[in-house]
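Copied over from Swiss-Prot:
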BINDING   SER12, THR124, ALA208  ATP binding site
BINDING   ASN35, GLY142, TRP143, GLY144, ASP149  substrate binding site
Amino acid sequence: MKYVIGIDGGGSKTHMKISTLDYKVLLEVFKGPSNINSSTKEEVKRVLQELIMEGLGKLGQSLEECSAICIGTAGADRTEDKSIIEDMIRSLGYMGKIIVVNDAEIALAGGIEKREGIIVISGTGSICYGRNKEGRSARSGGWGHIIGDEGSGYDIGIKAIKAALKSFDKRGEKTILEGDILDFLKLKSHEDLINYIYRSGVTKKEIASLTRVVNSAYIKGDLVSKRILKEAARELFLSVKAVVEVLSMQNKKVVLTTAGGVINNINYLYDEFRKFLNLNYPKVKIISMKNDSAFGAVIIARSECD
């Protein structure tokens, strides 16, 4: 039996789906992280190989019957990383087609259930990716928390901390974030933020979790929080604008989907994003995610079989 394999290689877990050529999912398997940017090459190789061999063992299938394997992972735009990941699969003895793509590409394919369209992702980080009917693709954002990721949870969290400290110093507009952030982090004073930010090994996810505080403050009527969320929505729209213009989609009917806890769970931000989009690109249709990234990898693998 011919089949394809789709793999979503994440920083916290790896998700694989094995499907027939007519998109019937036969099996899915989960393993640990396989992001080459946050795990060692040896660990990524072990996870990917165990994942594939465990799945095939459960199905009783041989690797020779696999028509194509698609792996989507962060940072896979780089040729060097693509080659490293491909070699990991080749070492299993697989001689078929291997497609290594950025994780945004498999998220788009899964979300819309086809390869053409646009996806905006805003969780801890942010990125926009699009592909047109001619097969041209473009991305905007996704440069990481230090130099980019505008409109992400991390971006919102950092802006919230800065606004709170400006309020505390009397050099900025008064905001209830000043006290709400301390309460959320269980800190006694604003001076304690120094230890929290610089010395405690705080993670990007912890900073991004402050989006809940900002959203709560907005609901209470805090104007500073409202501006932070609206600015995040505008930044996400600008990433879409860049992709739309590069791919010449300005006057075309395009399907767009959104992913990530920030854009999908903060209603005001999502509504403002939609307003920006509808005002500038009324032909763009926004839909909810239809399927997950692992299935998106299946779609891409299958499309490369023809």
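A Cβ is built for glycine as well, from the same backbone N, Cα and C atoms used for every other residue.
Summary of the ATP site environment: with the site residues SER12, THR124, ALA208 set aside, the chain residues having Cβ atoms within 8 Å of the Cβ mean position are GLY11, GLY123, GLY125, GLY153, THR203, LYS204, LYS205.
The number of other CB atoms found within 10 A of the CB of ASP149 (substrate binding site), across every protein chain shown, is 24. Non-local neighbourhood of GLY144 (substrate binding site): GLY125, each in the same chain, at least six residues away, with C-beta under 8 Å from its C-beta. The binding-site residues close to ASN35 (substrate binding site), defined as a CA atom within 10 A of its CA, are SER12 out of SER12, THR124, ALA208. The maximum pairwise C-alpha distance among ASN35, GLY142, TRP143, GLY144, ASP149, the residues recorded as binding substrate, is 18 Å.
Looking at ALA208 (ATP binding site) and GLY142 (substrate binding site), their Cα atoms lie 15 Å from each other. Considering other CB atoms within 10 Å as the measure, the emptiest surroundings among the binding-site residues SER12, ASN35, THR124, TRP143 are those of SER12. The binding-site residues recorded for this entry are GLY142, TRP143, ASP149, and the Cα of ASP149 lies nearest to that of THR124 (ATP binding site). Of all residue pairs in SER12, THR124, ALA208, the annotated binders of ATP, the farthest apart have Cα atoms separated by 16 Å.
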